[in-house]
Every structure is written in structure tokens, then in C-alpha cells.
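A.B. asks: Have a look at this one before I ask anything.
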Amino acid sequence: MVTVGIDQQKTVRTLRLSLTCIFLFLITWYYQVPESAWTLVTIWFVMYEYSTVGGVLTKSFLRFAGTALSAIYGMIVVYFCANNPLINIMALVPGLFLYAYFFMGGDKTYIGTIGAVTLTIVLLNYNDIDTAVLRVFNVIIGVIGSMFMIRFFYPQYARDKVLEIQLNFITQLANLLEIYLNPTQSLTAVRTKYLDYERMMLDGFTLYNRYIGEAKIETKKAPFFIPHSIAAMQHFRRLFRLFSVFIYYLSTEEIRSDPWVCDQLSKLMSNLQSLRRKLLQQDAGPIGGDVEVAEPEEEIVIETPNIENKIATEAIVNNMQKEIALLDTEIKEIILIYDVYDISLNEM
């Protein structure tokens with residue numbers, strides 16, 4: 001039986017976007033603001049793509065910057081050159097060149113896009129300069145309205161999303177280890193489950209980088225959060241590669257059933273669960289607040305006829321422990337953000 005549910009986050013985003021459009025439409029209609037359609041266009045461009053406070057604030061700033069720069073430059077040209085069409089076109093070319101040169105590519109591309117469009121509208125105004133100026137005015141109204149609504153109407157923060165993705169990575173790793181250690185699951189089933197995990201991780205990496213960029217503007221009071229979150233992602237990536245090689249390429253039924261391997265992977269799973277509890281601000285459990293790196297034993301017995309697999313298995317498992325210990329160091333710093341902001345996590 002297929003159940004149909006409602007996505008709470010999408011519902012909030014849709015409601016926020018709709019209310020912003022309604023409120024600003026009523027305000028501009030009541031005060032008879034000309035060219036007010038640009039206010040609604042701005043709201044859609046700013047709020048439709050981004051769901052977090054940091055994302056909307058960043059997009060709003062970029063749109064405002066592009067609009068303001070072009071408005072100032074264009075109005076100077078129009079005012080001092082008597083709105084001469086030939087001079088306007090001559091002034092448009094270097095303006096577009098500068099936008100392309102300084103803002104093409106990178107994280108400020110939107111300034112160049114909006115700036116080029118606005119500059120074209122202002123300078124090629126066909127002697128209707130009022131319309132060009134009113135467009136700039138309405139864009140500013142839309143930006144202010146979007147920033148106000150995302151901040152005070154059920155705000156969603158990118159910093160929360162960063163923590164939730166970290167939590168999800170750790171949970172998925174622990175679940176994968178649990179399935180691997182389950183003797184009732186075949187190695188083929190484990191590898192099939194790994195492919196699902198791999199897709200989740202690759203999608204998560206993209207989202208993580210996006211939310212890191214959006215969270216920068218949200219964490220001014222916690223400057224430590226971004227660098228340690230970036231460092232944590234490097235350890236997640238290395239763990240992902242180690243798990244990939246071990247489970248999908250190196251592991252055999254002989255290695256999987258070896259007592260030393262089972263013991264080391266059980267420790268890994270316990271350490272991951274400890275990290276999960278730290279991120280959730282729960283009791284760290286019996287292994288305490290620190291994740292100890294398992295020291296290799298002097299004599300390790302892995303019952304496999306392939307000596308290359310034996311050496312590789314020992315190296316990978318020991319490196320997994322080291323990466324988790326390094327990840328624990330980063331998470332100790334990351335969770336200090338709970339002392340600065342009120343954060344409530346939802347597992348993805």
C-alpha cells in the first residue's frame with residue numbers, strides 16, 4: 001500500500017513564498033507603486049531556489065548589488081549625457097565587459113547576470129527613464145520583503161542542514177557496518193546496500209558544499225564552525241573511499257568472518273554511534289567523549305589465503321580508525337555552535 005505524505009519543509013517554503021508575494025502585492029497595490037510586477041519577480045528569483053536564511057540573504061545581496069551598481073552607473077551616464085542613445089550604447093559596452101570580466105564564474109556570477117540585465121534596461125530606456133528607475137526601486141522592495149520573511153517566518157538555517165548532513169553520513173556508515181557484520185546478510189546484499197549508500201553520499205557532498213556556502217552568513221558569531229565543518233567533510237570523503245575499497249572490492253566471505261576484522265569493525269561502529277550522539281547532544285555512551293584509535297596488535301591473524309588481501313585489510317581498517325579519531329576532533333569543535341545558537345536537528 002502506497003502512502004502519500006506531505007513534505008513539511010516544502011510546505012513551509014511554499015507558504016512562505018506565497019505569503020511574501022501576497023503581502024507585497026497588497027502593499028504595492030495599496031500605495032499604487034508603478035511597475036510593481038518587478039517586486040514579485042524579485043521574490044520568485046530570490047526565494048524559489050533557496051530554502052535557508054543564508055541562501056536567501058546571499059541571493060538577495062547579490063541581486064541588490066547587481067541592481068544598485070547598474071542603476072548608479074546608468075543614471076550617471078543618462079544624467080550627464082542627456083540620455084543620448086548613441087552615448088548610452090557606447091557606455092553599455094564597457095559596463096557589460098566589466099561585469100563579464102569580474103563576475104563570470106565563481107560564486108558571484110549572479111551579480112554579473114543581474115547587473116548586465118539592469119544596465120541594459122537603464123541605458124536602452126527609449127527615453128522612458130522613469131520605468132528603468134522604478135524597476136530598480138521595486139527590486140529593492142522585493143529584496144527587503146524576501147529577507148524579512150525568510151528571517152521571521154519559520155526560518156530554516158543552512159547551519160542546521162550542515163549538521164544534519166554530517167549526522168546522516170555517520171548514521172549511514174554505522175548502518176552499513178551493522179549490515180556487514182550481520183551473518184544473515186550475504187556479501188552480495190551488503191554490496192547492493194552499499195550502492196544505495198554511495199548514491200546518498202555523492203548527493204550529500206553536493207548539498208554539503210552548497211549549505212557550507214550559505215551558512216557562512218549565518219555563523220558570524222561562531223567563526224570556528226565553517227573551517228571545522230570543511231575539515232570534517234575531508235574525513236567523511238576519506239572514510240567513504242576506504243569503505244568503498246573495503247566493502248565493494250576487497251572484502252571476501254573469509255575476511256568478513258575473521259574474528260579480528262569483526263572485532264575492529266564493531267569498534268568502528270561503536271565509535272560512529274558515539275559521534276552520532278555527540279552531534280545530537282546526547283550522552284556519549286560507554287566509550288566516553290574521546291574516540292580511541294585502535295593500536296595494531298603485534299600479531300594479527302586473518303584467515304585468508306590471499307596475503308595481499310590480508311595486508312590491505314589491516315591497512316584499511318587501521319586507517320578507518322584513524323580517520324574516525326580525526327573526525328571526532330573536528331566534531332568536538334563543531335558542536336560548540338550549540339552554545340551560540342539554538343539548534344534542533346532533524347535526521348534526513
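Cβ from N, Cα, C; glycine included.
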A.B. asks: Which one of these stretches, 25-41, 110-126, shows up in TrEMBL as transmembrane segment?
C.D. replies: 110-126
A.B. asks: What are the DSSP helix, strand and coil residue counts for the domain 'Integral membrane bound transporter' (25-148)?
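C.D. replies: Split by secondary structure, the domain 'Integral membrane bound transporter' (25-148) comes out as 99 helix, 0 strand, 25 coil.
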